[in-house]
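See below for the structure under consideration.
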Amino acid sequence: MNRVSFIKTPFNIGAKWRLEDVFLLIIMILLNYPVYYQQPFERQFYINDLTISHPYATTERVNNNMLFVYSFVVPSLTILIIGSILADRRHLIFILYTSLLGLSLAWFSTSFFTNFIKNWIGRLRPDFLDRCQPVEGLPLDTLFTAKDVCTTKNHERLLDGFRTTPSGHSSESFAGLGYLYFWLCGQLLTESPLMPLWRKMVAFLPLLGAALIALSRTQDYRHHFVDVILGSMLGYIMAHFFYRRIFPPIDDPLPFKPLMDDSDVTLEEAVTHQRIPDEELHPLSDEGM
């Protein structure tokens, strides 16, 4: 058995088209929903804890549907449009396929791990007491559990109050828009010293959008700042991991070309990242001095 492919033949078409990654993606998608709705760990709390005493916002600045559009649909459409414009026809289908595969893996894997972690941590949201509606007359500075003191009839909303760390909006926005940032850097050759600065600024826009989405969760009192920071870090790391699984580093001589791309596509004009030879930097030799 081959150590690389785990099959009897050393090479197969599935390696180039990353069929095993497609299978992993399907598993992540199927597991996401049940993982999120698992029973979270219910931590004890004080009814006079000011950090969980904020009002419950009935209207969110970025709800779940908007999050999916901003962090997954928009990056997907951007990749399809820009990729169709810039990519050479010899590898157009492959570059679009692998680019979208990497984005999907980054987004759904981040969502899976975020939901799994937040259910195990069970930290309370900033608006938890408004969700709980505790009975009146309870003593201060005393630990309580939700089942003992909460009077709300909305059990699903109450359980969601235990899912704050890390922030899913933050992790998923940085997973999708962070991946788009890396992808734009590679496709626009932003790390080449010959390219204008505006390319880097355009590539940076998705990160700005992700940051605004993440910060909106503190404005809605859905998350603490540490939840947003941890979620953003998780999403960014996952975006980088899955981007590098598909593409070379953004400072590679051919950063736009997928790693498994066997086409002969190269840059029309050579863009090198090599150091200038010392003799060009110091043309005067010892003999001429």
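Cβ coordinates are placed from backbone N, Cα and C, and glycine is handled just like the others.
What Swiss-Prot annotates here:
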TOPO_DOM  1-21  topological domain 'Vacuolar'
TRANSMEM  22-42  transmembrane segment
TOPO_DOM  43-65  topological domain 'Cytoplasmic'
TRANSMEM  66-86  transmembrane segment
TOPO_DOM  87-92  topological domain 'Vacuolar'
TRANSMEM  93-113  transmembrane segment
TOPO_DOM  114-172  topological domain 'Cytoplasmic'
REGION    118-126  region 'Phosphatase sequence motif I'
REGION    166-169  region 'Phosphatase sequence motif II'
TRANSMEM  173-193  transmembrane segment
TRANSMEM  194-214  transmembrane segment
TOPO_DOM  215-222  topological domain 'Cytoplasmic'
REGION    216-227  region 'Phosphatase sequence motif III'
TRANSMEM  223-243  transmembrane segment
TOPO_DOM  244-289  topological domain 'Vacuolar'
MOD_RES   Ser285  phosphoserine
Return yes if the transmembrane segment (66-86) and the transmembrane segment (194-214) have at least 3 CB pairs under 8 Å (sequence gap of 6 or more), otherwise no.
yes
For the region 'Phosphatase sequence motif II' (166-169), the number of residues DSSP places in helix, strand and coil:
2 helix, 0 strand, 2 coil
Same chain, outside the topological domain 'Vacuolar' (87-92) by at least 6, Cβ under 8 Å from its Cβ: which residues?
256-258, 261, 263-265
Tell me, roughly as an integer, the mean pLDDT over the topological domain 'Cytoplasmic' (215-222).
98
Hey, which bits of the same chain come close to the transmembrane segment (22-42), Cβ under 8 Å, at least six residues off its ends?
101, 104-105, 108-109, 111-112, 115-116, 118-122, 145-147, 159, 162-163
Mind checking how the region 'Phosphatase sequence motif I' (118-126) divides into helix, strand and coil residues in DSSP?
4 helix, 0 strand, 5 coil
Apart from its near flanks, which chain residues at least 6 from the ends of the topological domain 'Cytoplasmic' (43-65) lie with a Cβ under 8 angstroms of it?
122-131, 134, 138, 140-146, 149, 157, 162, 169, 213, 216-217, 219-222, 224
